[in-house]
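Per Swiss-Prot, topological domain 'Cytoplasmic' is recorded for 1-35, and the stated evidence type is sequence analysis. The annotation transmembrane segment is assigned in Swiss-Prot to 36-56. The feature topological domain 'Extracellular' is assigned by Swiss-Prot to 57-289, with sequence analysis given as support. According to Swiss-Prot, the feature N-linked glycosylation site maps to Asn60, Asn108, Asn284. According to Swiss-Prot, the disulfide bond annotation covers Cys263-Cys288, Cys265-Cys281.
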Amino acid sequence: MPQEQYSHHRSTMPSSEGPHIYKVGIYGWRKRCLYFFVLLLMILILVNLAMTIWILKVMNFTIDGMGNLRITEKGLKLEGDSEFLQPLYAKEIQSRPGNALYFKSARNVTVNILNDQTKVLTRLVTGPKAVEAYGKKFEVKTVSGKLLFSADDNEVVVGAERLRVLGAEGTVFPKSIETPNVRADPFKELRLESPTRSLVMEAPKGVEINAEAGNMEATCRSELRLESKDGEIKLDAAKIKLPRLPRGSYTPTGTRQKVFEVCICANGRLFLSQAGTGSTCQINTSVCL
């Protein structure tokens with residue numbers, strides 16, 4: 001009985017200890033560090049936003065494109081000068097209407113035409129020293145489509161009405177040339193010359209040399225040969241002069257005459273002999289030796 005009273009007394013005693021309170025959160029230096037990092041993050045976000053707006057302003061970003069680059073329904077449109085650091089692949093490149101299209105490079109500009117297997121078919125290279133074209137055939141045509149120049153492995157064709165060579169040394173052909181007409185400009189000389197080799201002119205239907213307003217000269221160092229195998233050689237002129245024919249020896253008798261007769265040796269050589277009452281060719285046969 002006393003034990004039960006003690007238990008009851010213990011249960012009815014008022015408790016002097018209150019309930020325990022646990023604080024949850026960040027306090028002290030941890031809280032200050034957190035606020036510092038949040039503030040730093042906000043500053044970085046503002047700087048990033050400002051830099052983004054500045055880049056958009058400098059690069060001129062718009063709804064249609066960026067800077068001089070415009071995106072249209074037909075493709076890309078570039079205004080002003082453009083620089084490509086890597087190869088450019090395009091189906092068509094054209095300038096604005098009324099403006100020229102320029103290609104500039106510090107070294108060269110190369111244009112390649114490829115097939116389906118990416119093999120180069122034709123190539124155009126414009127360098128600082130030369131313009132080179134690679135291909136099976138090279139053609140130059142007018143706006144109407146008329147052929148002006150063509151070149152391939154077999155032949156070179158000039159389709160213009162006239163081919164003019166303005167060089168001081170003329171034109172050098174290391175091999176033969178075929179043409180229906182060789183003509184100089186009006187009031188200009190036409191000279192056909194072979195300094196170290198022979199000059200041969202051939203035609204199946206004849207060769208005509210005509211000088212309508214001037215003289216015609218044929219000069220050689222050794223022999224000048226006129227040969228007709230099946231026909232004849234005609235010298236048709238009002239005056240024919242042979243000023244340097246050799247003269248046979250003669251004995252002056254009476255008055256000295258200035259009239260000579262033309263004699264022909266058996267070997268075809270011509271010489272002059274002073275005319276007399278009769279033929280004097282037999283007297284000067286020593287010239288034929």
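Any Cβ shown, glycine's included, is placed from N, Cα and C.
What you see is a predicted model, and the numbers here were worked out from it, not measured in a lab.
Asn60 (N-linked glycosylation site) sits 106 Å from Cys281 (disulfide bond), taking the Cα positions as reference. A 10 Å cutoff on Cβ-Cβ distances gives Cys263 (disulfide bond) a total of 21 other Cβ atoms nearby, all chains included. Mean pLDDT for the topological domain 'Extracellular' (57-289) in the predicted structure: 81. Of the glycosylation sites Asn60, Asn284, Asn284 has the largest number of other Cβ atoms within 10 Å of its own Cβ. Across the structure, Cys281 (disulfide bond) and Cys263 (disulfide bond) are spaced 6 Å apart at their Cα atoms. Note: the CA-CA distance between Asn108 (N-linked glycosylation site) and Asn284 (N-linked glycosylation site) rounds to 77 Å.
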